[in-house]
Amino acid sequence: MENGEIPENAPEHCPGPQSETAGKSDSCKGCPNQEICATAPKGPDPDLVAIVERMATVKHKILVLSGKGGVGKSTFSTQLAFALAAMDFQVGLLDIDICGPSIPKMLGLEGQEIHQSNIGWIPIYVESNLGVMSIGFMLPNPDEAVIWRGPRKNALIKQFLRDVDWGELDFLVVDAPPGTSDEHISIVQLLQETGIDGAVIVTTPQQVSLIDVRKEVSFCKKVGVEVLGVVENMSGLSQPLSELKFTRMTETGEQKDMTEWAMSYMRENAPEMLNLIACSEVFDTSGGGAAKMCNDMGISFLGKVPLDPQLCKAAEEGRSCFSDDKCQASAPALKMIIEKILAQKNISTENGA
């Protein structure tokens with residue numbers, strides 16, 4: 001337990017050897033380290049000093065959170081990082097989703113390995129001004145499950161903050177796992193002394209997702225992290241009419257592909273229709289969605305991002321949705337949301353952070 005590190009054999013909700021309740025709390029019962037922790041001298045964690053020094057070169061820190069998994073949080077994190085880098089900011093993207101690291105895939109960095117220098121771990125760079133760090137770069141087999149208890153996860157997060165040589169950054173975007181677990185507590189506690197600009201919470205429109213978003217907002221309030229706002233992702237399916245597939249149900253219940261016929265008909269009789277974007281609600285929005293929840297809770301609603309197959313494809317291919325005009329439905333929505341976040345923090349997109 002050097003430097004106040006939480007031992008690997010500690011229980012899941014270990015308060016930490018430097019805590020005043022170390023060895024005394026209910027979660028300490030049965031732990032082999034209980035007596036050592038109870039009698040060990042308490043004091044500030046020297047690693048926190050190193051983290052403060054390392055983070056001194058980072059101007060802004062933004063957490064990206066979600067109440068549930070599968071709502072597009074990592075997709076938003078990557079596109080936020082891409083957008084900021086395209087504005088000529090120096091950007092770092094830190095993936096602390098230890099058990100489900102998808103950032104390497106979404107940035108086209110699968111198979112990359114971390115290198116170490118005499119000043120720390122070197123991030124993997126997508127572009128000269130966009131560096132990335134993830135446990136995904138450390139796994140020998142990407143299909144291998146990471147089965148770690150809280151203390152080991154927390155130790156890696158601390159190492160990412162203490163040992164990664166980010167250099168001078170305008171933004172550090174932190175992609176957190178869903179929920180409000182040990183990783184969230186760790187990242188907030190470790191960064192609190194250096195200042196966190198706030199958290200962006202990503203959700204989908206239906207109530208089953210919004211229920212958990214309310215818990216996420218509550219977590220932020222309890223730990224003193226400003227909620228920059230909520231993004232409603234997958235807010236209806238939107239894609240150009242020309243990219244749709246058309247079918248007809250036969251008498252036997254089978255679907256017959258009618259796409260070629262439908263496209264030919266529109267080209268001949270209503271060519272202007274091919275420039276339209278087709279929209280359809282996928283999730284139940286009768287409860288008012290994220291906008292109503294934000295109004296009820298007094299927090300900022302940043303906007304809606306439609307479920308865009310082209311955005312999904314960009315994430316699968318590890319590229320920015322802003323690099324071309326393929327993401328017609330989602331890219332403008334994302335751009336407006338990101339501009340709102342910068343405006344909240346009075347950050348100019350022209351004069352730097």
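From the backbone N, Cα and C atoms, a Cβ is placed for every residue, glycine too.
TrEMBL entries are annotated by machine, without manual review.
Annotation comment: TrEMBL describes 1-26 as region 'Disordered'.
Residue environment of Cys31 ([4Fe-4S] cluster binding site) contains 18 other Cβ atoms, counted within 10 Å of its Cβ in all protein chains. Here TrEMBL flags Cys14, Cys28, Cys31, Cys37 as [4Fe-4S] cluster binding site.
Every protein chain considered, the tally of other Cβ atoms within 10 Å of the Cβ of Gly70 (ATP binding site) stands at 11. Look at TrEMBL and you will find Gly67, Lys68, Gly69, Gly70, Val71, Gly72, Lys73, Ser74 tagged as ATP binding site.
The Cβ of Lys73 (ATP binding site) has 26 neighbouring Cβ atoms from other residues within 10 Å, across all protein chains displayed.
Looking at Gly67, Val71, Gly72, Ser74, the binding-site residues in this record, the fewest other C-beta atoms within 10 angstroms of the C-beta turn up around Gly72. Distance noted between the C-alpha atoms of Gly67 (ATP binding site) and Cys14 ([4Fe-4S] cluster binding site) is 23 Å. Listed in sequence order, the residues Ser66, Pro178, Val202, Thr203, Thr204, Ser209, Asn233 complete the 8 Å Cβ shell around the ATP site centroid, once Gly67, Lys68, Gly69, Gly70, Val71, Gly72, Lys73, Ser74 themselves are left out.
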